[in-house]
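Right, one structure below, let's go through it.
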Amino acid sequence: MVSKSSRGPGMAAGGSEAEEALLLPERVVGDLAGAPPGNASVLGAVFNVSTSVVGAGIMSIPAAMRVLGVAPALALIVCVALLANVAVDFMLRYTRGTPSYAALMGGSFGRAGAKLLNVFIAFNCVGTLTVYLIIIGDVMSGPVGSGEAHAGVLPEWFGPHWWTGRDAVLVAAAVILLPIVLQKHVDSLRYTSAVSILLAAVFMLITMGIAVYTVFTGTAKMPRMLPDFSTLASPFELFTAVPVIVVAFTFHFNVHPIRAELSKTSDMKSAVRISLVLCAAIYAAVGFFGFLLFGDATMPDVLANFDRSSGSGVPQALNDAARLSYALHLVLVFPLLHYSLRVNVDELLFPGRRPLATDTRRFVALTAVLMAVLYVLAIAIPSIWTLFQYSGSTFAVCISLIFPGAIVLRDVHGIAKRKDKAMAAMMITLAVITSSIAIASNVMSSIKGEVKGVNAGAS
């Protein structure tokens, strides 16, 4: 932190004070979770930010491309990445004192604002981590609630047994995750983050290789460049893909913990920009080649397409490698997102207590309870598309676009320029309009689906 005594005499008033407000402190002593001061590199920050970004959202991007078509989907990926960079820039510019997104919201909107953010981050993280476990279960045991038969890796290899079932697989995943989840500091996860990004790249390269193979063998499903309106009940269904992309770029709750452990906190902007470029490229490649492979048969979780019924004509070992590489990627991403969930729930339930990392009993108890809740939700909720649509339309869009824009419009430090406020207002307007349309479309689709199901049953 920058102490009052460290301010020069020229910083006392007027424009000089505004100039000081634009500068970030070069070192920050710890964070709310008790992290050690500045000992992380820019490369480590890039790995951690990239791991925060590239999570389960990538699995639904081919399905979003199926809805939108290639050109609009690629344009949407670029636009959301640019807006994410603007939002993070706003957040860093307004950060003062303790590096926490909740503290940032509290500085602009008081204690109620901080608590609201804690709640939104907690719900968003719970939804995303539940999706991680669902995908791990889909890969290893096969998806549930799907109209098409897609086997998991374990039943394919060993046949159906109790230990290849979803419940057993998720218990095993929780046991494997526990030692990594119990790490108390973000920078301790930099090595697992580096491996996770490598695995995401491996998955992208395998998908690309399979797609190229199918092009040469003539089995590829040539992707549509634009939406196919004949398959949509309403043009408004296009907006249901927007929350999926927004979720895929929602990492803002990890900005401050990662920034706090940098040796120079001003390097965070560079780390974020490098990460967003890297992640946008991965998303675009996986979305395009996934859609090229499976066409209109692309499932909400594209990993479920990589099985014996995929029809890609490539060796099954390569299909299994694609699924397993990304399942392992999610295992390594899980602890980083769980870190943010745990910190925000602790801030919400135990305000004013000593840092969580210094209270082992509270740390372990909170970790165990959260893992149990996530396990139960992963068993109870089969569909990742539904979670992404509703989470993206509500919690994710507020965390990534609406709250940063509101902080700039509030402008408690008086440092926002006219163009900043115009950009903030545009972010909020776009977020509210697209999310409202997506929610309405989801609700109408759900109602129509229920009616259709009733009629089908009656007939």
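In case you wondered, yes, glycine gets a Cβ from its N, Cα and C as well.
TrEMBL labels come from automatic prediction, so no person has curated them.
Annotated features, as they stand in TrEMBL:
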- 39-439: domain 'Amino acid transporter transmembrane' (DOMAIN)
- 70-92: transmembrane segment (TRANSMEM)
- 113-135: transmembrane segment (TRANSMEM)
- 163-182: transmembrane segment (TRANSMEM)
- 194-216: transmembrane segment (TRANSMEM)
- 236-255: transmembrane segment (TRANSMEM)
- 276-295: transmembrane segment (TRANSMEM)
- 324-342: transmembrane segment (TRANSMEM)
- 363-388: transmembrane segment (TRANSMEM)
- 394-412: transmembrane segment (TRANSMEM)
- 424-444: transmembrane segment (TRANSMEM)
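Here the transmembrane segment (113-135) sits against the transmembrane segment (236-255); at least 3 CB pairs are under 8 Å, leaving out pairs fewer than 6 apart in sequence.
Remote same-chain partners of the transmembrane segment (324-342), defined as residues 6 or more beyond its termini with a Cβ less than 8 Å from a stretch Cβ, comprise 33, 48, 51-52, 54-56, 58-59, 121-122, 125-126, 128-129, 132, 135-136, 139-140, 153, 173, 176-177, 180-181, 183, 186, 189, 192-193, 195-196, 199-200, 202-203, 206, 253-254, 257, 303, 356, 363, 366-367, 370-371. Here the transmembrane segment (236-255) touches the transmembrane segment (70-92). Their Cβ atoms form 3 or more pairs under 8 Å, with each pair 6 or more residues apart. Using a cut-off of 8 Å between Cβ atoms, the transmembrane segment (70-92) and the transmembrane segment (276-295) share at least three residue pairs, counting only pairs 6 or more apart in sequence. Within its own chain, the transmembrane segment (276-295) is flanked in space by residues 46, 50, 53-54, 58, 61-62, 64-66, 70, 73-74, 77-78, 81, 84-85, 197, 200-201, 203-204, 207-208, 210-211, 214-215, 220-223, 248-249, 302, 305, 310, 312, which lie at least six positions past its ends and keep a Cβ under 8 Å from the stretch. Cβ atoms under 8 Å from those of the transmembrane segment (394-412) belong to residues 83-84, 86-88, 90-91, 94, 104-105, 107-109, 117, 120-121, 123-124, 127, 243, 246-247, 249-250, 252-253, 420-421, 423-425, 427-428, 430-432, 434-435, 439 of the same chain, restricted to positions at least 6 beyond its ends. Remote same-chain residues near the transmembrane segment (163-182) are listed as 133, 136-137, 140-142, 144, 152, 154-155, 189, 192, 331-332, 334-335, 338, 363-364, 367, 371, 375, 378-379 (criterion: CB distance under 8 Å, separation of at least six residues from the stretch ends).
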